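TrEMBL has this to say about the protein:
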type: BINDING; residues: 83, 84, 85, 86, 105; note: substrate binding site
type: BINDING; residues: 106; note: Mg(2+) binding site
């Protein structure tokens, strides 16, 4: 089930008690905006990898059902974890978005896809293909701990993570 995208600034204004309690967290503003969908939201699926996108692809081959894949790529700026082919796969399988603590490539192709993408930057080198990493584990991305099943909201102002689905 996909959430309707909410304005992150409005969510913060309406839920200050959740910010104080830690139920609502904002990621540090380190991401660049990619993909054809500028606003996106949905339940989180996590994966932790390093310069290897086999598990990223495996998850995006599943039906997305409006979910958001959060990839902890260790902040590596040496290889891309997402390219145009995998972004198209995410679009075709119904993923709302992908947040990558790492790089993308094939930026023009990604920008043509109806999926939201946030990443640290772009890099032309493809990832390794060893299949190393962990799916469905807590990750820390941009100073924020994120768990499977939490909700992520992204727009031009930033990215929020909440323990529950929100409304304004």
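Every residue, even glycine, has its Cβ placed from backbone N, Cα and C.
A TrEMBL annotation is a machine prediction, not a hand-curated record.
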Residues flanking the substrate site, with Cβ no more than 8 Å from the Cβ centroid of 83, 84, 85, 86, 105 and excluding those residues themselves: 80, 82, 87, 88, 104, 106, 109, 110
Cβ neighbour count (within 10 Å, all chains shown) around residue 83 (substrate binding site): 21
Residue from 84, 85, 86 whose C-alpha is spatially nearest that of residue 106 (Mg(2+) binding site), among the binding-site residues: 84
Under 8 Å by Cβ from residue 85 (substrate binding site), same chain, sequence gap 6 or more: 106, 109
C-beta crowding around residue 105 (substrate binding site), within 10 angstroms: 19
Most crowded position, judged by CB atoms within 10 A, among 86, 106 as binding-site residues: 86
